[in-house]
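Colleague: Pulled these features from Swiss-Prot for this protein:
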ACT_SITE  Asp163  active site, proton acceptor
BINDING   Ile45, Gly46, Glu47, Gly48, Thr49, Tyr50, Gly51, Ile52, Val53, Lys68  ATP binding site
DOMAIN    39-323  domain 'Protein kinase'
MOD_RES   Thr196  phosphothreonine
REGION    334-360  region 'Disordered'
Amino acid sequence: MAEVDLESDQIRLKCIRKEGFFTVPPEHRLGRCRSVKEFEKLNRIGEGTYGIVYRARDTQTDEIVALKKVRMDKEKDGIPISSLREITLLLRLRHPNIVELKEVVVGNHLESIFLVMGYCEQDLASLLENMPTPFSEAQVKCIMLQVLRGLQYLHRNFIIHRDLKVSNLLMTDKGCVKTADFGLARAYGVPVKPMTPKVVTLWYRAPELLLGTTTQTTSIDMWAVGCILAELLAHKPLLPGTSEIHQIDLIVQLLGTPSENIWPGFSKLPLAGQYSLRKQPYNNLKHKFPWLSEAGLRLLNFLFMYDPKKRATSGDCLESSYFKEKPLPCEPELMPTFPHHRNKRAAPAAAEGQSKRCRP
């Protein structure tokens, strides 16, 4: 058992062998972790699934980092399990297109924990809202290839992100795109264990999740990839639903009504009988993107397969002829530079809830 004396700044631990407490020396109380005092907070840049994020400077190295404060407000018994999952996953992940967890640092009285992450100057949601002109198709391909490479690495390591969206895709000044915010991520195995369907931001949520499946595979990430690709191409969200019922209806309007023929097991999903789906026999992707090449439409259709077992994998996408035809993907270092919105503005108190691109 531990006691913290806030007035004297002392931490006392109860001795097991002898009655009473002993004081932990200041030089030992943080263990191997550094103190957050060694970082200068520059400004608040956002709010992830389970914590506030700051731009900060490491006073020892002068490096600019992202400092994510772990939410502890609802916890009485230590670190939230969601944060433990995120820390555990990120510590084992090392890939150019995955945000890097550099270290974990602690607050003054050990009551707060911060994740020190690699800093990226932009997030795609802010870019899409503030860009004077949309990304070119060559730039979209450059972004998507990086997203897919990072995702292929995750899936090969048996990890599902479960919250892919444009606001969780970061970009450095050198055009390197990194997937961030692993607060909802899960490791999976065989057989696949049941998981809650209430994951993935609504606009990017796969139909099987909307219909209540608890069997989650990497295919839910791939549906979100399709939504992201379409959003980058159109410069606006593809399926901006306001409720789960509305979201399903938007999907049906775009892709047609699902059936047992194209999606075996569809009628047995937990919520399939609760929705009265409109009869819509047509796939309208081509009408939505009349200028897109046949290869581009094939890729979108592959990502938007109703049947999760038939949906494109990250490997399938990386081999797509869409990325091999003109306009070819530009090199990351040739991506345009933009004003540093994350450096200059303090993020709103509920950034995800207020952003036009980050609603439910």
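In case you wondered, yes, glycine gets a Cβ from its N, Cα and C as well.
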Colleague: Count the Cβ atoms, other than its own, that fall within 10 Å of the Cβ of Gly51 (ATP binding site), considering every protein chain shown.
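Modeller: The Cβ of Gly51 (ATP binding site) has 23 Cβ neighbours within 10 Å.
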Colleague: To the nearest whole angstrom, state the Cα distance for the pair Val53 (ATP binding site) and Asp163 (active site, proton acceptor).
Modeller: 17
Colleague: A 10 Å Cβ contact count, applied to the binding-site residues Ile45, Val53: which residue has the minimum?
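Modeller: So among Ile45, Val53, the binding-site residues given, the one with the fewest Cβ atoms within 10 Å is Val53.
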Colleague: Within 10 Å of each Cβ, count the other Cβ atoms and name the one among the recorded positions Glu47, Asp163 with the highest count.
Modeller: Asp163
Colleague: Would you kindly give the Cα-Cα distance separating Asp163 (active site, proton acceptor) and Gly51 (ATP binding site), rounded to the nearest Å?
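Modeller: About 15 Å separate the Cα atoms of these two residues.
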Colleague: Please report how many Å separate the Cα atom of Asp163 (active site, proton acceptor) from that of Glu47 (ATP binding site), as a whole number.
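Modeller: Computed Cα spacing between Asp163 (active site, proton acceptor) and Glu47 (ATP binding site) is 14 Å.
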